[in-house]
Every structure is written in structure tokens, then in C-alpha cells.
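> For reference, the structure I am asking about is given below.
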Amino acid sequence: MGAMLKGDEKITIKVEGGGPIGVILVDANAHGEVRGYVTNPQTHFDLNKKGKLDVRRAVGTDGTLTVVKDLGLRENFSGQVPLVSGELGEDFTYYFAASEQVPSAVGVGVLVNPDNTILASGGFIIQLMPGTDEKVISEIENKISDTAPISDLIRQGLSPEEILANLLGEENVQILEKMAVRFECTCSKEKFASAMIGLGKQELRDMIEEDGQAEAVCHFCREKYHFSREDLEQMLEEAKG
């Protein structure tokens, strides 16, 4: 979804399903930079009946999927839909249809090592252009229905181009642009300091009086930032209220 943006546009996706992993929060931009986290990453549970990760159980089904796009305008674009299954591919498919009114097919998959580290992950978004012939739509639907789950295609070692060929047929794929995707966190000590100043004078006074220092940890990259008494006193001078 970040690849659909332009320039300095950004997108934030939040999934709250009430499941054991808690909240999923992801930031991305138009340059292929992505960061994300879940509230409870150490959650463990059995595989589903197909022997795969039980995403539905992990995410939950009682909640919402929220998308916020910063397009450089006065106000951000925000769309929210209820979760329809807890299987994220299905939930994003519903989001595109209900919130952006764009008929889409979304598939996501992840392969996990025995020690629960990620081996590989991937996905696809297929969207129809306005005026697409009904015959073409039917052919695409049938092709997607007959294609193996995205996780199986990843396990086979297929490239993104080969996965598209499986989904659409080789003769229907024309690569217009490629983009590398990488983890990139934009946190900094200055950003944390600004957020702490926003807590107000009383909160900062409490930090100074109780501990004489503070430590902040980024949820996305786990980087730790230490703030000395002098740092906190400087923030106190800048804080309001």
C-alpha cells in the first residue's frame, strides 16, 4: 500500500482485533520504507487445522482495521472498517471495497522457522481498473481461486514476478516499476523528548523527583533513549501546563 503513494506521502495501518497479539501498527511510505510492531509479539498458540499459523486466532475478529494516509494535505485521509475474518488478506480486501470503493484481491503469507523467527513473507494486491470487462474479471477470479496460498508460493522460492504470473498468467503481466522494501525506523531522541514535553510540567516533575532520570524504548526498533536529570529539567523549562 505504501507503493501506491507518491513523494513524501505516508500511510499508517492499525489492526485491533481483540486477539492475543494485541494491536498491530505499521507505518510505510512511498520509498519502500516500512516499520511495524505488535503489542504482544511473544504470544504462542497451536497451528490451525491446515497446519499453518492461526492468524485469525492471533489477530481476533472483534475489532477494526484503520488506515490513515498523510497525503500532504491539511487533513489526513482516514478509513476504518470492521474486521470480517481476522485473516488479514480478507480484511484488506473488504477495506478496499468498503472504504476506497476499489474492487481488489489481497493475499498475504508468512513462513516461520521452528524457533518462531520469520523465514520469509510476502503478499499481493490486485485491483481492477474502471471499466474492466466482466469476462476479464471472471478469468482473474478463477485464476486466483485456483492458485496455491501465497505462503506456498513463497515456500517454492518464486519471485514476485513469478507469483504474478501464477495469479494472472504470464501473457498478462507487464512490470512497470520495481521497488526494494526494507525496515526503516524514524525514531530519535529528539522526537521522544518532544513527546515527553507534551506530557506537561507535572509529569516531568514526577520523573525528576521519583527517579531523577528516564528511559524511553521505541516499540518499532527497540532502540533505548536515556534522559538524564539535566535533560528532564531542560524539558521542564520548555513544557506548558
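Cβ coordinates are placed from backbone N, Cα and C, and glycine is handled just like the others.
Unlike curated records, TrEMBL annotations are generated automatically.
Annotations per TrEMBL:
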- C185-C187: disulfide bond (DISULFID)
- C218-C221: disulfide bond (DISULFID)
> Within 10 Å of the Cβ of C185 (disulfide bond), how many other Cβ atoms can be counted across all chains shown?
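Taking all protein chains shown, C185 (disulfide bond) has 17 Cβ neighbours within 10 Å.
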> Using the alpha carbons only, what distance in Å do you get between C221 (disulfide bond) and C187 (disulfide bond) once rounded?
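Rounded to a whole number, the Cα-Cα distance is 8 Å.
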> Does anything in the same chain, at least 6 positions from C218 (disulfide bond), have a Cβ under 8 Å from its Cβ, and if so what?
C185, C187, F192, K224, Y225
> For the disulfide-bonded residues C187, C221, which one has its C-beta crowded by the most other C-beta atoms within 10 angstroms?
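Sorting the candidates by Cβ neighbours within 10 Å, the top entry is C187.
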